[in-house]
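Undergrad: From TrEMBL, for reference:
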COMPBIAS  26-36  compositional bias 'Basic and acidic residues'
REGION    26-139  region 'Disordered'
COMPBIAS  52-64  compositional bias 'Basic and acidic residues'
COMPBIAS  71-82  compositional bias 'Basic and acidic residues'
COMPBIAS  91-115  compositional bias 'Basic and acidic residues'
COMPBIAS  124-139  compositional bias 'Basic and acidic residues'
Amino acid sequence: MNFTFGSDASRKKMLLKQEKAKQEAFRLQKAKEARSLEQNLIPSPKDMSIAEAKHAIKREEEAKQQLQQDVVKRMEEEKAQEDAEEEAKQEDDKKAQEVQKRQARKEANIKAREEKRKKKKEKKAQEEATMKATEKQIK
């Protein structure tokens, strides 16, 4: 006979706790191994000679300086990109204004031609009227 104590829910809880404990132990073991490996690769200041310590300090300073240079370079690149975007926007605005000016000139030219045609028609109609009037007087 299989004797079980408690309900299925409590058994599941217990199994979950055991599984979590195993995972936590595994994680801690990995962290411990990584830390020991790190300590072996990077000697502590107690284990270093003066020359090694100076060299380590120099490397750290170079790394900091490189990081600062990278930050400055990134900022310059971002500024250059923003400038390029603004310049492109200004170019687009100029092109749009030029298109509007051309369109306005076209419309003005069309209106001017229409006015010219109207004046020409009116002048022609006036000349015809004067011609008819002179012909009537002559007859």
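A Cβ is built for glycine as well, from the same backbone N, Cα and C atoms used for every other residue.
Just so you know, TrEMBL annotations are computer predictions that nobody has curated.
Not measured: the values here are computed from a predicted model.
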Undergrad: Six or more residues out from either end of the compositional bias 'Basic and acidic residues' (26-36), which same-chain residues have a Cβ under 8 Å from its Cβ atoms?
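TA: Result: none.
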Undergrad: For the compositional bias 'Basic and acidic residues' (26-36), give the DSSP counts of helix residues, strand residues and coil residues.
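TA: Helix, strand and coil residues of the compositional bias 'Basic and acidic residues' (26-36) number 11 helix, 0 strand, 0 coil.
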